[in-house]
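Visitor: One structure follows; several queries about it will come next.
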Amino acid sequence: MSIHIAAQQGEIADKILLPGDPLRAKFIAENFLGDAVCFNEVRNMFGYTGTYKGHRVSVMGTGMGMPSISIYARELIVDYGVKKLIRVGTAGSLNEEVHVRELVLAQAAATNSNIVRNDWPQYDFPQIASFDLLDKAYHIAKELGMTTHVGNVLSSDVFYSNYFEKNIELGKWGVKAVEMEAAALYYLAAQYHVDALAIMTISDSLVNPDEDTTAEERQNTFTDMMKVGLETLIAE
């Protein structure tokens, strides 16, 4: 057991999907995994291990924001030996060419958080995805016919930002979307020498306000990113 995860050693696979919403973790376990067993209910942050196409895979919620995903991802890596971590979550488009329900693969994650600067105040330490996972995910998504964008995202510490226009301006510099977790996940992956990737479904748009989705749709659909994430985890 770790501080926030009740699993015993061996109950978590070495590859895992990390949705922010614990109910999305439950949905993935019930709809994609065979013989799924719940290994964690602490703080209702549900985690499950099962099989996908004969491969042992886990899925666990992380909550919202970089502090929350940092707690769970670190414990999964350090205490349970997880080697491949793929975030599957939602993001808001910052780019006119990126639309609701399309996928974004975060090649890198800029951030307005001090989570990295606290350790490296003298550097702009880049938060980048595992190229191996990124390359596999891109080709899998293309083979499945999914509209997929690859590029930089913004991992923000703030959901209700007072710098709305500044965030939108980033879209003109090629930033695809804004979310709240990828930079922290990539930083931990660099620190502990594991592979990480963030796959997001666009749930709304900061540049096209008429594009949005319902809370129920965000919880129970958006299955494209789940399929890509699972296929990427088991790809040789």
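All positions are counted from 1 along the displayed chain.
Just so you know, glycine gets a Cβ as well, placed from its N, Cα and C.
According to Swiss-Prot:
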ACT_SITE  Asp204  active site, proton donor
BINDING   His4, Glu179, Met180, Glu181, Ser203, Asp204  purine D-ribonucleoside binding site
BINDING   Gly20, Arg24, Arg43, Arg87, Val88, Gly89, Thr90  phosphate binding site
SITE      Arg218  site 'Important for catalytic activity'
Visitor: Sort out for me which one of Gly20, Gly89 has the most neighbouring CB atoms within 10 A, since those are the binding-site residues we care about.
Guide: Gly89
Visitor: Return the member of His4, Glu179, Met180, Asp204, Arg218 nearest to Arg43 (phosphate binding site) in space, with distance defined Cα to Cα and candidates limited to these recorded positions.
Guide: His4
Visitor: Just checking the recorded positions Gly20, Arg24, Arg87, Val88, Asp204, Arg218: which sit within 10 A of Glu179 (purine D-ribonucleoside binding site), CA to CA?
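Guide: So far as Cα distances go, none of the recorded positions lies within 10 Å of Glu179 (purine D-ribonucleoside binding site).
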Visitor: List the binding-site residues among His4, Arg24, Arg87, Gly89, Ser203 whose C-alpha is within 10 Å of the C-alpha of Arg218 (site 'Important for catalytic activity'), in sequence order, or say none.
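Guide: Close binding-site residues: Arg24, Gly89, Ser203.
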Visitor: Recorded positions Glu181, Ser203, Asp204: which have a Cα within 10 Å of Gly20 (phosphate binding site)?
Guide: Glu181
Visitor: Determine the C-alpha span of the phosphate site listed in the record, that is the greatest distance between any two of Gly20, Arg24, Arg43, Arg87, Val88, Gly89, Thr90, in Å to the nearest whole number.
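Guide: Roughly 21 Å, rounded to the nearest whole number.
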Visitor: Cβ atoms within 10 Å, counted per site: which of His4, Arg24, Arg43, Arg87 has the most, among these binding-site residues?
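Guide: Neighbour-count leader: Arg87.
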Visitor: Please identify, from the binding-site residues Val88, Met180, the residue with the sparsest Cβ neighbourhood, meaning fewest other Cβ atoms within 10 angstroms.
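Guide: Counting other Cβ atoms within 10 Å of each of the binding-site residues Val88, Met180 gives the minimum at Met180.
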Visitor: So, three-state DSSP: helix, strand or coil for Gly89 (phosphate binding site)?
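Guide: Its secondary structure by DSSP: strand.
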Visitor: Per DSSP, to which secondary structure element type does Asp204 (active site, proton donor) belong, with helix, strand and coil as the options?
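Guide: Its secondary structure by DSSP: strand.
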Visitor: For Ser203 (purine D-ribonucleoside binding site), which of these binding-site residues sit within 10 Å, Cα to Cα: Arg24, Arg87, Val88, Thr90?
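Guide: Hits: Thr90.
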Visitor: In whole Å, could you give the widest CA to CA gap in the purine D-ribonucleoside site formed by His4, Glu179, Met180, Glu181, Ser203, Asp204?
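Guide: Output for purine D-ribonucleoside binders His4, Glu179, Met180, Glu181, Ser203, Asp204: max Cα distance 31 Å.
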Visitor: Let's check the environment of Thr90 (phosphate binding site): how many other CB atoms sit within 10 Å of its CB?
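Guide: Taking all protein chains shown, Thr90 (phosphate binding site) has 22 Cβ neighbours within 10 Å.
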Visitor: May I ask you to report the DSSP-based helix, strand or coil state of Arg43 (phosphate binding site)?
Guide: helix
